[in-house]
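Please read the structure below before turning to the comments.
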Amino acid sequence: MNLVLMGLPGAGKGTQGERIVEDYGIPHISTGDMFRAAMKEETPLGLEAKSYIDKGELVPDEVTIGIVKERLGKDDCERGFLLDGFPRTVAQAEALENILEEYGKPIDYVINIKVDKDSLMERLTGRRICSVCGTTYHLVFNPPKTPGVCDKDGGDLYQRADDNEETVSKRLEVNMKQTQPLLDFYSEKGYLVNVNGQQDINDVYKDVKELLGGLSK
């Protein structure tokens with residue numbers, strides 16, 4: 001079961017990803033985790049990535065793609081994988097196709113958790129975080145018992161600077177522009193499946209499970 005998981009910020013991609021890997025026993029591979037592991041293991045590519053990250057620069061595609069190739073070649077990916085956060089561009093998607101062709105592991109589905117912009121705005125601007133323990137709340141979906149106060153330790157809740165309306169709106173616009181060519185690429189390939197992310201979390205996952213039902217665990 002070889003999957004790519006997509007979705008704009010706030011779509012609930014992380015939640016669905018956790019459930020998929022738990023139920024199907026495949027590794028959840030995110031770009032950040034891959035970089036951290038490669039740097040910790042001090043692989044040549046990991047050290048190269050670190051040199052860019054330490055300077056605050058973007059890691060070049062060839063290094064990122066090399067790290068992805070190393071990761072997908074590990075034993076725990078024999079029965080499949082869930083890629084999250086990669087690819088981000090059509091060039092990366094084409095490189096991924098080449099890697100998977102070499103490994104004989106074609107993509108089964110690219111699952112896009114689809115949520116409209118207004119709903120994403122509500123989800124992202126409603127987030128509040130405890131200043132003491134870091135617990136995340138949401139004014140609509142998961143409010144604290146007492147407004148502005150953490151249930152666990154009474155700490156003050158705050159809104160992250162990048163969760164305000166203007167910043168969130170800009171972030172979503174940028175993400176939409178970047179993501180659309182990738183969605184078009186995978187749609188043309190016949191891999192793309194849109195899942196309605198507007199529903200309750202459990203209903204979203206029910207749709208995902210129905211989709212994956214035809215694939216062997």
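Glycine too: its Cβ is placed from the backbone N, Cα and C atoms.
Looking up the ranges 30-59, 60-89 in Swiss-Prot, the one annotated as region 'NMP' turns out to be 30-59.
The binding-site residues examined here are Arg88, Arg127, Arg160; by Cβ neighbour count within 10 Å, the least packed of them is Arg160. In terms of Cα distance, the binding-site residues that sit within 10 Å of Cys150 (Zn(2+) binding site) are Tyr137, chosen from Gly14, Thr31, Tyr137. In the three-state DSSP classification, Tyr137 (ATP binding site) falls within a strand.
Per-residue confidence over the region 'NMP' (30-59) averages 91 (mean pLDDT, predicted model).
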